[in-house]
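Here Swiss-Prot flags Ala2 as N-acetylalanine, drawing on similarity to another entry. For 8-43, the entry in Swiss-Prot reads domain 'EF-hand 1'. Swiss-Prot lists Asp21, Asp23, Asp25, Thr27, Glu32 with the feature Ca(2+) 1 binding site. Sequence annotations record features per position, and here Swiss-Prot assigns domain 'EF-hand 2' to 44-79 based on sequence analysis. Marked as Ca(2+) 2 binding site by Swiss-Prot: Asp59, Asn61, Thr63, Glu68. Per Swiss-Prot, the feature domain 'EF-hand 3' maps to 81-116. Among the features that Swiss-Prot reports, Ca(2+) 3 binding site is placed at Asp94, Asp96, Asn98, Tyr100, Glu105, with the record citing sequence analysis. Per Swiss-Prot, N6,N6,N6-trimethyllysine is recorded for Lys116. Summarising the annotation, Swiss-Prot assigns domain 'EF-hand 4' to 117-149 and lists sequence analysis as the type of evidence. Feature annotation from Swiss-Prot assigns Ca(2+) 4 binding site to Asp130, Asp132, Asp134, Gln136, Glu141.
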Amino acid sequence: MADQLTEEQIAEFKEAFSLFDKDGDGTITTKELGTVMRSLGQNPTEAELQDMINEVNADGNGTIDFPEFLTMMARKMKDTDSEEEIREAFRVFDKDGNGYISAAELRHVMTNLGEKLTDEEVDEMIREADIDGDGQVNYEEFVQMMTAK
């Protein structure tokens with residue numbers, strides 16, 4: 001299933017994987033998965049985390065390696081009810097709930113994920129997604145960015 005991904009997608013997922021893989025050992029544990037999900041405002045139980053890992057843990061060792069992670073992401077991308085997931089992701093970024101993601105909100109979430117971005121990098125991300133040029137990202141722009149192939 002992962003063979004349907006573009007090289008660019010694989011590179012993006014590699015970056016995401018390394019955000020999860022806090023100790024850099026090439027695998028994601030339930031603890032690491034929990035840390036990242038909580039930093040995104042989710043609050044999964046230990047059992048839910050274990051289920052998520054078991055779903056994709058092909059070799060049964062209780063952790064997710066990069067090929068398993070790719071399979072999971074490819075499945076998620078095929079999953080068509082992603083509208084709700086995108087809306088949820090938008091809410092994570094839109095801290096004050098005003099319907100827009102500002103540079104400050106984007107920086108805050110990225111910092112929580114362990115990504116230290118310069119102001120210039122944050123502004124660049126906003127510019128790329130900001131279709132109407134108002135300096136922030138509304139929901140429609142966010143959807144466009146998230147679903148861009």
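Keep in mind that glycine also has a Cβ here, set from the backbone N, Cα and C atoms.
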Of the binding-site residues listed as Asp21, Asp23, Thr27, Glu32, Asp132, the one whose CA lies nearest the CA of Tyr100 (Ca(2+) 3 binding site) | Asp132
Report the nearest neighbour of Asn61 (Ca(2+) 2 binding site) in space among the recorded positions Asn98, Glu105, Lys116, Asp130, Asp134, comparing Cα positions.
-> Lys116
Using Gln136 (Ca(2+) 4 binding site) as the reference point, find which of the binding-site residues Thr27, Asp59, Asp96, Asn98 has the shortest Cα-to-Cα distance to it.
-> Asn98
Starting from the Cβ centroid of Asp130, Asp132, Asp134, Gln136, Glu141, the recorded Ca(2+) 4 site, name every other residue in that chain with its Cβ within 8 Å, sequence order please.
-> Tyr100, Ile126, Ala129, Ile131, Gly133, Gly135, Val137, Asn138
What other residues of the same chain, not counting Asp94, Asp96, Asn98, Tyr100, Glu105, have a CB atom within 8 A of the CB centroid of the Ca(2+) 3 site?
-> Phe93, Lys95, Gly97, Gly99, Ile101, Ser102, Gln136
